[in-house]
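Visitor: Got a structure here, written out as structure tokens. Questions coming.
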Amino acid sequence: MIALLRRDLSLAVRAGGGFGLGLAFFLIIVVLVPFGVGPEAAVLSRIAPGILWVAALLAALLSLDRIFALDFEDGTLPLLATSPLPLEGVALIKGVAHWITTGLPLTLAAPAFGFLLNLDPSAYVWLLASLALGTPALSMIGTFGAALTVGLRRGGLLMSLLVLPLYVPTLIFGAETVRRGALGLDAITPLLMLAGITLGSFALLPFATSSALRVNLK
Amino acid sequence: MSIWEYANPKKFIATTTPLVPWVLGVAIACLVVGLVWGFFLTPDDFRQGSTVKIIYLHVPAALMAINAWFMMLAMSLIWLVRRHHVSALAARAAAPVGIVMTLIALITGAIWGQPMWGTWWAWDPRLTSFLILFLFYLGYMALWEAIEDPDTAADLTSVLCIVGSVFAVLSRYAVNFWNQGLHQGTSIPVATGERTISDVFFVPLLICMVGFGLLFLALVLIRTQTEIRVRRIRALEIRMRS
């Protein structure tokens, strides 16, 4: 499993665009929003939690179809399926690798983007915590969506449609955590719900992902 | 003799064909009686006036929109466990009916909401969760259409349906948490049995609910038969070509 994780990470780094693409997309959204809604600081700081979370979600969505597509095309995926490693483990590692290449850099970079959107200083802790706890769920759900559409030509748009409703709870609790944090309210409840979703995704979704992969590799 | 005998497509068609006209007939009768009674023979509500009458379309459609998904979930589980093709086809057949029910509930809700709340749409938990349900149906149907091989499609959509159900329930709670509601609470709480709706409105509403339920059943039976026949035709075509 560790070897697979290493392989995926080094592929992401060496193929280029692995770490950068999601971040660049995040930056684009954060830069475009003030042009769209106007530069008033009060408006920006009010919508900043939601914008940051939506941007993180879209950045994760953007890179999803790379999770299995390349391995499927060059024949690595059937090899992985017949290896002694259980396919559930492969699914889990793929999700983790996706998180390390998109979710983790987004989480680390988020305070800087929060600064650009004039986010309330008291919300930074909550922003970091909610992204750190929530983006793994985005990666796991996305891995499931990618597994469903892996054999399809032009599956990208379909995958977005499938994954979008599944992302709703994560987005709501994530943005709510930051919003409450910015208002100085108690933000621990939505954060715990977010952690619950993430743990549930890690516990259950690898099974769904691997069964979808098995069907697609049959 | 067990219920699984009806999973044989031939037996399924033989059993349901004589049943369909009856189910459809009773459904139409219930709908005609319920809707005419509801629209013309009930008094106007003292606060909402005549707009309350859209309830006879809105509530049964919303009920069936959710129950259709539950039915698809049950059919998906049966397909995954026992691999009866009829159940997978029934799930496929139910999805378009379910999405239409969702749309009816959303549209009648908007028409009702406009005079009552002064807005066509509000980001209220109930409304939002129905919009999400609509997206689930859309994704489910798109996945069916996108995959060529019928068994692969049945497998993948079943997995999607199960995962989707978990997230649909989760979304329901999440949107409740996210925003306080404008939509009124349920008028017919099943758990407590205390109705907040008076019998004058309730009896025609109940008839409409039964009518929508039977209409759903009839449509799903017809559509499942069609799916079975489409698949037979395809099998024949393949045999003729080879």
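Here the Cβ of each residue, glycine as well, is placed from N, Cα and C on the backbone.
TrEMBL labels come from automatic prediction, so no person has curated them.
Here's the feature list from TrEMBL:
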DOMAIN    B:5-183  domain 'Cytochrome c assembly protein'
TRANSMEM  B:20-42  transmembrane segment
TRANSMEM  B:54-81  transmembrane segment
TRANSMEM  B:93-113  transmembrane segment
TRANSMEM  B:125-144  transmembrane segment
TRANSMEM  B:156-175  transmembrane segment
TRANSMEM  B:201-222  transmembrane segment
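If you look at the structure here, what lies around each of the features I listed?
Guide: If one looks beyond the transmembrane segment (B:20-42) by at least 6 residues along the same chain, the residues whose Cβ comes under 8 Å of a Cβ in the stretch are 53, 55-57, 200-201, 203-208, 210-215, 217-218, 221-222, 225.
Listed as Cβ neighbours of the transmembrane segment (B:54-81) (distance under 8 Å, sequence separation of 6 or more from its ends, same chain) are residues 34-35, 38-39, 87-88, 90-91, 94-95, 97-98, 101-102, 104-105, 108-109, 111-112, 130, 133, 136-137, 140, 154-155, 157-159, 161-162, 165, 168, 187, 201, 204-205, 208-209, 211-213, 216, 220.
Within its own chain, the transmembrane segment (B:125-144) is flanked in space by residues 62, 65-66, 69, 72, 92, 95-96, 98-99, 102-103, 105-106, 109, 153, 156-157, 160-161, 164, 168, 171-172, 175-176, 178-181, 183, which lie at least six positions past its ends and keep a Cβ under 8 Å from the stretch.
Beyond the transmembrane segment (B:156-175), the same-chain residues lying 6 or more positions past its ends with a Cβ under 8 Å from any Cβ of the stretch are 69-70, 72-73, 76-77, 79-80, 88, 91-92, 125, 128-129, 132-133, 136, 139-140, 143-144, 147.
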Visitor: Can you work out which residues elsewhere in the same chain, 6+ from the ends of the transmembrane segment (B:93-113), have a Cβ less than 8 Å from its Cβ atoms?
Guide: 51, 54-55, 57-58, 61-62, 64-65, 68-69, 71-72, 75, 119-122, 127, 130-131, 133-134, 137-138, 140-141, 144, 212, 216, 219-220, 223-224, 226-227
Visitor: Who are the chain neighbours of the transmembrane segment (B:201-222) in space, where the CB to CB distance is under 8 Å and they lie at least 6 residues beyond its ends?
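Guide: Long-range Cβ neighbours of the transmembrane segment (B:201-222): 16, 19-20, 23-24, 26-31, 33-35, 37-38, 41-42, 45, 52, 55-57, 59-61, 63-64, 67-68, 71, 90, 93-94, 97, 101, 188, 195.
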